[in-house]
Amino acid sequence: MPEIVRHDGSIVSDDWQVLERPAEDESLELPEGPCLVPAAQWLEHHDQFAGDRNIGIWLDSHEEPELVADHLDQLPLIAVNFPKFSDGRGYSTARLLRERFGYRGELRAIGDVLLDQLQFMKRCGFDSYALRPDKDITKAPRCLNFFSNAYQAATDNDEPLFRRRGEFPVADTA
Amino acid sequence: MYVYDEHDRQLLAERVAQFRDQTDRALAGELAEDEFLPLRLQNGLYVQRLAPMLRICIPYGMLRAEQLRRLARITRDYDKGYAHFTTRQNVQLNWPALEDVPDILAELAEVEMHANQTSGNCIRNTTTDQFAGVQSDEITDPRPYCEIIRQWSTYHPEFAFLPRKFKVAVNASEHTDRAAIQVHDIGLQMVHNEAGEPGFRVHVGGGLGRTPMVGPVIRDFIPELDLLTYLEAILRVYNRYGRRDNKYKARIKILVKALTPEGFAERVEAEWAHIKDSPTRLTREAIDRMKTYFTEPDYQPLDNNPEALVSARAESRPFDNWVTRNVNEHRKPGYAIVTLTMKKTGTPPGNVSDRQLEQIADLAERYSFGEARVTHEQNVVLADVRQDQLHELWQDIRPMGFATANLNTLTDVICCPGGDYCALANAKSIPVAETIQRRFDNLDYLYDLGNIDLNISGCMNACGHHHVGHIGVLGVDKKGEEYYQISLGGASQNDAAIGKILGPSFAREDMPEVVEKIINVYVDHRTEEEEFLDTYRRIGITPFKERVYA
């Protein structure tokens, strides 16, 4: 069974399957077990899928979170695809799902998910990461926590550093 | 200037450790080249024509003496004993070894310096006016806001993989714009609203490169407390909707143009409405606290034009010329702003040796409260020099090569490293600068010609800002030969404009003569009070064309 990294650094087996978009003349075939269907197909079959705790969705990088904003409480898991790790749209998608639309379920990064982007993902509200299989998953916990602090507010921390510093600069005693 | 506290030190130490780990993994083959690429770029490391190039950040241009000395030591220990000041208030090393870069970054961190986000598709170093805090026509000191932006943008988790690079500049002077904010992705002009409250006019979508554009205003006034939430709204709209299919169409200016400035502004406003009261909204205390880092140095009560200065100017014409040209008015009586020019003919513009960096450190300590500033024109400023010490300073800097009294003249060339160093360049730029400097070596004639910005870029990435030079020179490749295209009428200040191309390009050896012909057209047509740009704007490009291509 594939392994997933969770935001606390734990590595767990996980059987959520990601279903590709069906070709034009094909219909969606649901496998046994939990699966993530393309957002457009989920919306199309909303009556059938809504509330099924074994069916989540995935959004591609160009798909807007607004698409599914009205259905978030019916979704046990939302995955956001990074077709290429350098495509940064998924970070905004994640923050919007969490901070604007209040999604509380599991939010997973899928696709070209590498080690050095994990902490950014965590800060933007992702809480599980399907690391690309050729990457060394044992290094994920360290990469999730390179930084012990952050300047900005993000999903993981709503107090930017400027709200946490003392009132006046601390005199440097060094 | 800003001094790190334990949070800043910790964050930077963690960043250096992270990059060391990334470099180790890259060298061990665990990171593919394209995976390591954005990581090293965001730590300042390019791989260039001859060697890696490390671009070190100088936030809004400020340097302390100890930082200059550390840079000098680093150029000696890890490089060939010199560095290059860029047009974005950064400094570059041209020959570091890849495996040494984590050590270099660790040495920089010890003096509160870094190479964060000096490259890559992220928010770059925020730049400002090199005369910030010491000029008389300033709304307020822009540097606290620059540091606030620096901190907000540093390792921002949402904006580390933007469609393309992103540059922010801040200007607070009412009448001049030394930061060239209208050719930045975001240009922030400090203003007061009708109620007298401080804030910013926001320009978005300016830039040079292949599609040069002057940034339109998308908001006339954003209150200072709303600065970061508004920036975050702009960046989020760009991150979501900026083009990613073609790197030449990926800058925010293309998005602003596609949506129209009004359409873009509407999207930003809609986004901002959601986040304007979020915790990212600045607090009065945060701004006041930041301002305490940029307080006045210990100025003495002095008078303008002390006897020592007046008599030295009367006795020495070269000194008098230098004061006229390279010294600017300071808002405190008895003080002056001095620009040390790094444009001595025969040395590449912006290049400084390790020894010169140490000399600048010594000068800063002796004459200017231990601080220096680098400018986007690739010079160095001592911002707080006593007028009664100007003559002594001038005598000190003449043998160092910093006293060429050519500031803002034709030979104060802005120039990228060009084909001598840069893998992207189509053509060399430094030798062009040098041949023009040699042709115009008569200072009296240069002063008579007045302010002329000559900007040279070795390729259309426009690091030499050729689009906004009064005279712009662009290196082009013509069937493997290096040629140079000239544009006229560009400007980077309040009256920002993109220059117009004169016509077919020229071989390098023809360049001094072509520039001379352009200058002669100006001399023939100018009225008494006109600067080059005024004459050009009055008579247009045709007389120049006719002379040059006759």
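Note: Cβ is positioned from N, Cα and C throughout, glycine not excepted.
Just so you know, TrEMBL annotations never went through curation; they're auto-generated.
Taken straight from TrEMBL:
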DOMAIN    B:53-111  domain 'Nitrite/Sulfite reductase ferredoxin-like'
DOMAIN    B:119-274  domain 'Nitrite/sulphite reductase 4Fe-4S'
DOMAIN    B:346-398  domain 'Nitrite/Sulfite reductase ferredoxin-like'
DOMAIN    B:409-548  domain 'Nitrite/sulphite reductase 4Fe-4S'
Structural state census, the domain 'Nitrite/sulphite reductase 4Fe-4S' (B:409-548) (DSSP three-state): 56 helix, 28 strand, 56 coil
Secondary structure content of the domain 'Nitrite/Sulfite reductase ferredoxin-like' (B:53-111), with strand meaning DSSP E or B: 30 helix, 16 strand, 13 coil
Taken over the domain 'Nitrite/sulphite reductase 4Fe-4S' (B:119-274), the model's mean pLDDT: 96
